[in-house]
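S.K.: Structure in structure tokens, see below.
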Amino acid sequence: MWYHRLSHLHSRLQDLLKGGVIYPALPQPNFKSLLPLAVHWHHTASKSLTCAWQQHEDHFELKYANTVMRFDYVWLRDHCRSASCYNSKTHQRSLDTASVDLCIKPKTIRLDETTLFFTWPDGHVTKYDLNWLVKNSYEGQKQKVIQPRILWNAEIYQQAQVPSVDCQSFLETNEGLKKFLQNFLLYGIAFVENVPPTQEHTEKLAERISLIRETIYGRMWYFTSDFSRGDTAYTKLALDRHTDTTYFQEPCGIQVFHCLKHEGTGGRTLLVDGFYAAEQVLQKAPEEFELLSKVPLKHEYIEDVGECHNHMIGIGPVLNIYPWNKELYLIRYNNYDRAVINTVPYDVVHRWYTAHRTLTIELRRPENEFWVKLKPGRVLFIDNWRVLHGRECFTGYRQLCGCYLTRDDVLNTARLLGLQA
């Protein structure tokens, strides 16, 4: 499973937001009794946990905190946190990794309470806290999500009654900002209310959490239905669900929308949790989910309108997952901007179309559609790596402004406020 269904884990939500997955302190079985006599395991016991470890020819094996871990000896030497190997003030490695013997093995290993000591052939001593090894081992990372999320359809989101944050609280207090970011990280969308309906105030709001990402559309964009750019967004037509800037090699992470004025009808905004839809595909057709996560596609944006001349190309699969824990972190879905499919062999193309159709059916289910009317004073933030957006057609004069934010900076702000991101 590539995510935690937090809607069933409300009692652990605060722990997840502060520090990730909580590993229970369960006693370990007697591994020694399960192994041939020729294998020698070292055992220690604390008040709550037992530890067993063995030195192999090419790696070190550790059983602790309900986790079986294996560490390459070069890895253990490379990650030494001694003063000569790691600068704790700058949090940067001082050791020259290329200087480590690729055949290195420790001369001795000993355990003192919950600290392992490795003595290397040159006499250097590396020490590791057992909990640090659990947290940073490959096996430990497989059990941990990078970012906790609550997946939703329209009913789930509406029943959650996720509160908006007032503009003044957002701008002037860390409490308001943290509340906003917590909602945004969990659901992929969040609202700020009572914002003065101007481009300048919208910009000030965005800069509270991130640097604004300047693109071919400028720093802050402001548009009506005048088709001033070669994009369907600059019309009154309906837009099907999609993610933006799929034609960038790294799509923009967050987008901000503020409707400054609308003198007419229609124009509601459509929001769909792409991760919820992808989870349905994973449950119903796992082989199709896997195909969508492996086949790279081109998306492109060709513009030749007035003084705007651009040809952007981005390449990547529809679904992007972390390989070690299978956590989905990015959906790249835009049928408007998908380029010619020439990166897929003929014997895979039809299977890809089938998988794409399965995902599209889930994305288009009416129960997955959350519709909202944007209005002056209400600013919408969207996780463009997760939530698809669209709109219904509209009449009359409509002004929107907004921008893209750098994802790294938004997540940086969240971490500095103590959130898991």
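Residue numbering: from 1, along the chain as shown.
Cβ from N, Cα, C; glycine included.
According to Swiss-Prot, the feature transit peptide maps to 1-15, an assignment based on experimental evidence. Annotation comment: Swiss-Prot describes LYS179, LYS236 as N6-acetyllysine. If you look up Swiss-Prot, you'll see HIS242, ASP244, HIS389 marked as Fe cation binding site.
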S.K.: Any same-chain residues 6+ apart from LYS179 (N6-acetyllysine) with CB under 8 Å of its CB? Would you list them in sequence order, or say none?
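M.R.: Spatial neighbours, sequence-distant, of LYS179 (N6-acetyllysine): PRO163, VAL165, SER169.
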S.K.: Determine which residues of this chain, when HIS242, ASP244, HIS389 are set aside, have a Cβ within 8 Å of the centroid of the Fe cation site's Cβ atoms, and list them as they appear in the sequence.
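M.R.: After dropping the recorded site residues, what remains is LEU239, ARG241, THR243, GLN255, ASN334, ILE382, ASN384, LEU388, GLY390.
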S.K.: Distance between ASP244 (Fe cation binding site) and LYS236 (N6-acetyllysine) at the Cα atoms, whole Å?
M.R.: 18
S.K.: Determine, to the nearest whole angstrom, how far the Cα atom of HIS389 (Fe cation binding site) is from the Cα atom of LYS236 (N6-acetyllysine).
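M.R.: Given the Cα positions, HIS389 (Fe cation binding site) is 15 Å from LYS236 (N6-acetyllysine).
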S.K.: Would you identify the secondary structure of LYS236 (N6-acetyllysine) according to DSSP, in three states?
M.R.: coil
S.K.: Give the residue from the recorded positions LYS236, HIS242 that has the most other Cβ atoms within 10 Å of its Cβ, counting over every protein chain displayed.
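M.R.: When each Cβ's neighbours within 10 Å are tallied, HIS242 tops the list.
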S.K.: Do me a favour and check the Cα-Cα span between HIS242 (Fe cation binding site) and LYS236 (N6-acetyllysine); whole Å is fine.
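M.R.: The Cα atom of HIS242 (Fe cation binding site) is 17 Å away from the Cα atom of LYS236 (N6-acetyllysine).
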S.K.: Using DSSP and collapsing to three states, where does LYS179 (N6-acetyllysine) fall: helix, strand or coil?
M.R.: helix
S.K.: Provide the number of Cβ atoms within 10 Å of the Cβ of ASP244 (Fe cation binding site), excluding the reference atom itself.
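M.R.: Around the Cβ of ASP244 (Fe cation binding site), 20 other Cβ atoms lie within 10 Å.
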